[in-house]
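Asks: According to Swiss-Prot, the record shows the following:
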ACT_SITE  K125  active site, N6-AMP-lysine intermediate
BINDING   D44, G45, E46, F47, D48, S93, L94, E123, R146, E186, K302, K326  NAD(+) binding site
BINDING   C420, C423, C439, C445  Zn(2+) binding site
DOMAIN    609-697  domain 'BRCT'
Amino acid sequence: MVSESTEAPTPAPGSVREHWNELAEDVRQHQFRYYVRDAPIISDGEFDALLGELNDLENQYPDLRTPDSPTQLVGGGFATDFASADHLERMLSLDNVFATDELRTWISRVEQETGPDLHYLCEVKIDGVALNLVYENGRLVRAATRGDGRTGEEVTLNARTIDDIPEKLTGTDKYPIPALLEVRGEVFFRLEDFAALNAALVEEGKAPFANPRNSAAGSLRQKNPAVTARRRLGMICHGLGRSEGFEPASQYDAYTALAAWGLPVSTHTVRVTGADAVVDRVQYWGEHRHDVEHEIDGLVVKVDETSLQRRLGSTSRAPRWAIAYKYPPEEATTKLLDIRVNVGRTGRVTPFAYMEPVTVAGSTVSLATLHNGSEVKRKGVLIGDTVVLRKAGDVIPEVLGPVVDARTGDEYEFVMPANCPECDTPLAPAKEGDADIRCPNQQYCPAQLRERVFHVAGRGAFDIEVLGYEAATSLLEAKAIGDEGDLFSLTEDDLLKTTLFRTKAGGLSANGRRLLDNLDSAKDKPLWRVLVALSIRHVGPTAARALAGEFGSLDRIRESSVEELAAVDGVGGTIAAAVAEWFGVDWHRQIVDKWSAAGVRMEDERDESIPRNLEGLSIVVTGSLETFSRDQAKEAILVRGGKAAGSVSKKTAFVVAGESPGSKHDKAVELGVPVLDEDGFRRLLEGGPDAVTDSGV
């Protein structure tokens, strides 16, 4: 491998950090809409460009790369309604290439490290939902979705309804059943089963699903397993996590064993040698992608030998020994019936295309974002046009432009509204030169209210189950709450005003009781979650933790000057100004006062039994730890006065390395930074730096 420079990285200038904060927030919002809301507003291609820009900034200025950066989290780090389940080993994502030249470059880089003429597995990339199965002594004990790669949603009962997933493995003389087996795969709809499901829904007078992937995700997450059972989902296994008593020499051998035990594996997987053979498979499936029983959106290429996989290792989000070749997006034409607008949480007004439904890449599409008024003009689309629609990455629809020759003269230009469609407030850019226009009625605009109430329940905020988007809308429409400030004062009588939380007999539903219980439990969440829940611009979990750790109470944060706030490590001028500006608004302070009066804890109670033995030390945690989640490790460092940093530099005191630590471990060794294993981390927490002078991995 090429060694990295030993020079300390240049810290990001304030203007760059401000741009990174805004860009990271945009990416988080798009991840949230995609992974949690199932309502993306930009194409895959546009999202990849945003994420790529963010990654480029972090490569140039490593101090920007924090553990909760969107570049470091698989699946965005969001949770939904099911119980959390930790994976035994991380479920990583895959890096993508979009051209054969890029694929050959990747193969060349791999073979420079390992030697030439490697065996590669070529597997069709299923457009479905990742699922993690755990078998103990051959019996299925847990199934969980990918989630953030470390923790997913437990869906064991639902998984047991899928015919492809065996409850009990069948051993053979050649392949005895291991004591522990963690296996990963993709849940999907076979196209004929998806068509049958939609036909049945239409016959019942219900709306059909838009595409197989979304319907697979929704079907797997049903609260009633009987509904999942009726949906005829399928699964194919494509990887391993942790195992005991099973050490395959290659990925191909692993698949052979999985099949022998009764687990489903793809019949389309082929083992080849060299770059030319890999490219041949890419071209073959590019021409035959519609010949498969399920949707595919690319080809996954993996180094076959397990020892070489270990040698190549992984980054924080993807293995270095595998790559996904994504096929070019597919296109179709349809009629643009109207252009409508949507108002988001920050007041941004986004136009979207309302079209005649058209099938593209196996999905029925009728909506697509147009981003802003300038973009509508740039694309040159008119209402009534025949437009070219592309499914970027086979997932998100994008309007490319009009078919000008198809115009009849009846088409007309779209004009961005002058007033908010939700509250009729005049719209304007937040600052001169902005392409986006916004609704400035932040306090009362119904659209912004819904989004803020929903945000309070997010995983990065109070993490309140039951309070989903539908619940937020119902509470506001029934006037059970006036704004997010009323949430923690909700009573049973308030919930009975809504149809959502009221039984047919007129009593409080089980979900209503759960909501009240969850709200009550949330009152004791740590201060940093309160800060995130307040929807202060630029304040995500990292900045919130830094502020909470420094000041300890919301009153102290509220009373601090911009200079005092900016002096906090990990905050800076932009965030400090946003915090001070937020607390300068009367109705913002009223929200805080309402929460405080309702019993929400506004300060962190310091446990005097925990020593401040890491005061001023910068500590980086990388890889997967057995007894600490990433949040727990951060919390353990912060409460002892340390800084949980996201990148390694000469100022780093220690690097804690779990399984698959990636480049941060290499950087620490290169810079001479002490590296601790998990036992060393425990000693550090208990006794401070002196306790680990001679520790390491």
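The backbone N, Cα and C atoms fix where each Cβ goes, glycine too.
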Asks: Counting other Cβ atoms within 10 Å of each residue's Cβ, which of the binding-site residues L94, C420, C439 comes out lowest?
Replies: L94
Asks: Over the domain 'BRCT' (609-697), what is the model's mean pLDDT?
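Replies: On average, pLDDT over the domain 'BRCT' (609-697) sits at 83.
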Asks: Hey, for the Zn(2+) site built from C420, C423, C439, C445, who else sits with CB inside 8 A of the CB center?
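Replies: My list of surrounding residues reads V343, G347, N419, P421, E422, D424, T425, L427, P440, N441, Y444, P446, A447, Q448.
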Asks: Out of E46, L94, K125, R146, the recorded positions in the record, which is closest to C423 (Zn(2+) binding site) when you go by Cα distance?
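Replies: When the Cα distances are compared, E46 comes out closest.
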Asks: So of all those recorded positions, D44, E46, D48, K125, K302, which one's Cα sits nearest to C439 (Zn(2+) binding site)?
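Replies: The smallest Cα gap between C439 (Zn(2+) binding site) and any of the recorded positions is with E46.
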Asks: Roughly how many Å separate the Cα of L94 (NAD(+) binding site) from that of C420 (Zn(2+) binding site), to the nearest whole number?
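Replies: Distance between the two Cα atoms comes out at 40 Å.
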Asks: Here's one to test understanding: among the recorded positions K125, C420, C445, whose C-alpha is closest in space to the C-alpha of K302 (NAD(+) binding site)?
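Replies: Result: the closest of the recorded positions to K302 (NAD(+) binding site) is K125.
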Asks: Provide the number of Cβ atoms within 10 Å of the Cβ of E46 (NAD(+) binding site), excluding the reference atom itself.
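Replies: A count of 18.
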Asks: Which residues in the same chain, at least 6 apart in sequence, have a Cβ under 8 Å from the Cβ of C445 (Zn(2+) binding site)?
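Replies: In sequence order, the residues whose Cβ lies under 8 Å from that of C445 (Zn(2+) binding site) (at least 6 apart) are V343, G347, C420, E422, C423, T425, C439.
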Asks: In whole Å, how far is E46 (NAD(+) binding site) from K125 (active site, N6-AMP-lysine intermediate) when you measure between their Cα atoms?
Replies: 21
Asks: Restricting to the record's NAD(+)-binding residues (D44, G45, E46, F47, D48, S93, L94, E123, R146, E186, K302, K326), give me the longest CA-CA distance in Å as a whole number.
Replies: 27
